[in-house]
Amino acid sequence: SCINHGDACDGYKDDCQCCRRNGFCSCSGIFGYKWNCICDVGTTATSYGICMAK
């Protein structure tokens, strides 16, 4: 099962939890703590660890 775009995700897991191939778990955070995490869509311009294994 995967998490739809815009829904809450686990910021401590990898980005493959989000349904979209170019999706990633976008969080607010500081000093290793993460909160307000939702599945967002990245582009090639972002440096997020986008899951390409889908």
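The backbone N, Cα and C atoms fix where each Cβ goes, glycine too.
What Swiss-Prot lists as disulfide bond is Cys2-Cys19, Cys9-Cys25, Cys16-Cys51, Cys18-Cys39, Cys27-Cys37.
What Swiss-Prot annotates, mapped onto the structure for a quick look.
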{"residue": "Cys2", "record": "disulfide bond", "Cβ contacts under 8 Å, 6 or more apart": "Cys16, Gln17, Cys18, Cys19"}
{"residue": "Cys9", "record": "disulfide bond", "Cβ contacts under 8 Å, 6 or more apart": "Ile3, Gln17, Cys18, Cys25, Cys37, Ile38, Cys39"}
{"residue": "Cys27", "record": "disulfide bond", "Cβ contacts under 8 Å, 6 or more apart": "Gly11, Lys34, Trp35, Asn36, Cys37"}
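In the shown protein chains, 24 other C-beta atoms lie within 10 A of the C-beta of Cys25 (disulfide bond). In the three-state DSSP assignment, the secondary structure recorded for Cys18 (disulfide bond) is strand. Under the three-state DSSP scheme, Cys25 (disulfide bond) falls in the strand class.
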